[in-house]
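Contents: one structure, followed by commentary.
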Amino acid sequence: MIHASNFASFAQELSIKACFFAPAAGCNLLPIVNPRPTMKLLRIDASARLDGSHSRDLGDHFCAALRDAVPNLDITVRDLATKPTELIQDTTIVGFYTPGDEMTSAMRQATALSDQLIDELQAADTLLLTVPMYNFSIPAALKAWIDQVVRINHTFSYNGTAFTGLVKARQAYVVCAYGAAGYAPGEGFEAANFLQPYMQFLLQFLGIDSIDFAAVQATTADEQTVATNTTTAKAQIDQWVMRYA
């Protein structure tokens, strides 16, 4: 029951609510605005070359295009050439498999870099890895980083039967550069491409659901061939970015 003294305020409230469900004259509705997309991107650069690197060039193209599509873009860069990752040692491995409350000070010191790199990895929702092919596989600098971040009960778990990836990022983009041609699926050197299948398996093992690859091949060919192949790779990257437009 509505008392007469409260009827006026009730009617006013009802009128306001009606504006949201059935707009009428005199109702000024605020426009519905979609939230601006956000992304925390971790970029890993693996090329030893700081200038003239084709994989870095693809990474730069991706980041520049992504900034236009994702206004709230937060990029963290881990450059494995300018800041090489230390190789794991015996104490590091022992520390990886020792419960936290049982670790010695030496173990904590040996695993401190791993802790830092994993924190950096887990803070990202999207990964970008720029990876040249060295001798049919990944650069040693990238392998050193991988050995620090692939860590039981931190980035993967094992229950005695199955492995479960624990990395929080759901999307990874891998841009590659191959000195020769023929490394793509179905081509003559496909069997020699240990880079892409390794990275595919590794990232899936860590729990990343969606993984995309783009590559510029024949980077040691003539200038026109390199330019054409680079344009093709960048067009593929542009298609990735369209997902966020």
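Keep in mind that glycine also has a Cβ here, set from the backbone N, Cα and C atoms.
Predicted automatically and left uncurated, TrEMBL annotations should be read as such.
Here is what TrEMBL says about this protein:
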{"type": "DOMAIN", "residues": "39-240", "note": "domain 'Flavodoxin-like fold'"}
{"type": "BINDING", "residues": "SER47, SER53, HIS54, SER55, MET133, TYR134, ASN135, PHE136", "note": "FMN binding site"}
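Positions of the features from TrEMBL, shown on the structure.
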residue: SER47; record: FMN binding site; CB count, 10 Å: 23
residue: SER53; record: FMN binding site; CB count, 10 Å: 20
residue: HIS54; record: FMN binding site; CB count, 10 Å: 24
residue: SER55; record: FMN binding site; CB count, 10 Å: 26
residue: MET133; record: FMN binding site; CB count, 10 Å: 23
residue: TYR134; record: FMN binding site; CB count, 10 Å: 16
residue: ASN135; record: FMN binding site; CB count, 10 Å: 11
residue: PHE136; record: FMN binding site; CB count, 10 Å: 14
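Secondary structure at SER53 (FMN binding site), as computed by DSSP, is coil. For the domain 'Flavodoxin-like fold' (39-240), the model's pLDDT averages out at 98.
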